[in-house]
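*Asks:* Could you have a look at this structure, given as C-alpha cells, before my questions?
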Amino acid sequence: MGKGGSLNESVVKKIMLSYAYVGIWIFLSFTVIVYNKYILDKKMFNWPFPISLTMIHMIFCSSIAFLLVRVFKFVEPVTMSRDLYMSSVLPIGALYSLSLWFSNSAYIYLSVSFIQMLKALMPVAVYSIGVALKKETFKTNSMINMLSISFGVAIAAYGEARFDSWGVILQLGAVAFEATRLVMIQILLTSKGITLNPITSLYYVAPCCLVFLFVPWVLVELPVLRESSSFHLDWVIFGTNSICAFALNLAVFLLVGKTSALTMNVAGVVKDWLLIAFSWHVIKDTVTPINLIGYGVAFLGVTYYNYLKYQALMAKEAQKKAQSTDEESGKLLEEIDGPGSGKKIDSEA
C-alpha cells in the first residue's frame, strides 16, 4: 500500500513538473514575442531596428554564457576541435542569425496573429528540407499532411486584413532558415555525438551570430542610427528584453530535456492560439473569419503531424523495450544452457 502510494505520488509529481515546464516555456515564449513586437512596431515603442535588437540579445547571451562556462565553471565546455567548429557551429550560427534577423524584421510589417499562422509552416519546411537532405524518408501520407497545412496557411493569408508581401517574404525566409538550422543540427552535431545545452549552445553559437550580423548591421542600420539624433538606449527596456530572451533558451532546455521535443511542439500550438487571442483582444489586431478558418485547417494538419510523431516515438520505445527483453532472455538462456548445470546433467546421464 505504501509503495503504491509513493509510486502514485512520484507519477503525480512528474506530471505536475511537466506542466510547470510547459507553462514556463509558454509564458517566456509569449513574453519574448510580444516584447519584440512592442519594441519594433512603429505604433508602439517605435524602434524598427531588428538587426540591432538581435545583436543586443546575442551580446547579452554571449556574455552570460561566457561567465557561466569560463568564470563560474557552472557548465563544462564541450570538447570541440577547430575543424568541427568551422564546419558545424559556424554554418549553424549563420542560419540562426538569419532566422532571428528575418523573424524580428517581420514584426515591423505583420501582426502577431498572422505571424503565428505563418509559423504553422515550420513542420512543412523541416520535413521538406529533411527529405531533400535525405534525413527524412518521403511518404505519401506525410506529403498530403504537409499540403493540408500549406493549404490552411494559404487560406489564412488570403483572409489577412493587413497583408504585406515584404513581411510575408521575411517570415517565410525566417521559417526556411530555422528549419534548415534544425536539420543541420541533426546532420552536423547530433550525428557526431555532440549535444549542446542552451548555455554551451549560446557560448559557441551566439558569438557566431554576432559576427554574421555585424556586416548587414553596418550596411543597413548603422547609417540610420547615426542620423537619428533622438535615439538613446533604454537600459530598462533592452535589459529586460534580453533577460527574457536568455531565459527562454533555458526554458527550451528544461522543456525538451525534462519532457520531449514532441511536448514542445504541442505546447507551441497552445501558445500560438493564446498569441492569436492576445493579438486580437489586447493589441487589437484584425483577425478575420477567413484567417481563423485557414489557421484551423493548418492547426488540424499540425495536430496530425504531432500525432504521427507521437506514434513514431511510441513505436521506437516499444522496439527498445523488445530489444532489452530479448537481451535479458538471451542472458537467462546462457546461464541455464551454458557451462553449468545443463552439461553436468548430460554427462551424468
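Placed from the backbone N, Cα and C atoms, the Cβ positions cover glycine too.
Taken from TrEMBL, the feature transmembrane segment applies to 16-35, 47-72, 84-102, 108-130, 142-159, 165-189, 201-220, 235-255, 289-307. Positions annotated as domain 'Sugar phosphate transporter' by TrEMBL: 20-306. Feature annotation from TrEMBL assigns region 'Disordered' to 324-349. Residues annotated as compositional bias 'Basic and acidic residues' in TrEMBL: 324-334.
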*Asks:* Quick one: do the transmembrane segment (165-189) and the transmembrane segment (289-307) have at least 3 Cβ pairs under 8 Å, skipping pairs fewer than 6 apart in sequence?
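*Replies:* The answer is no, given that the two segments have fewer than 3 Cβ pairs within the 8 Å cut-off.
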*Asks:* Compute the average pLDDT of the predicted model within the domain 'Sugar phosphate transporter' (20-306).
*Replies:* 90
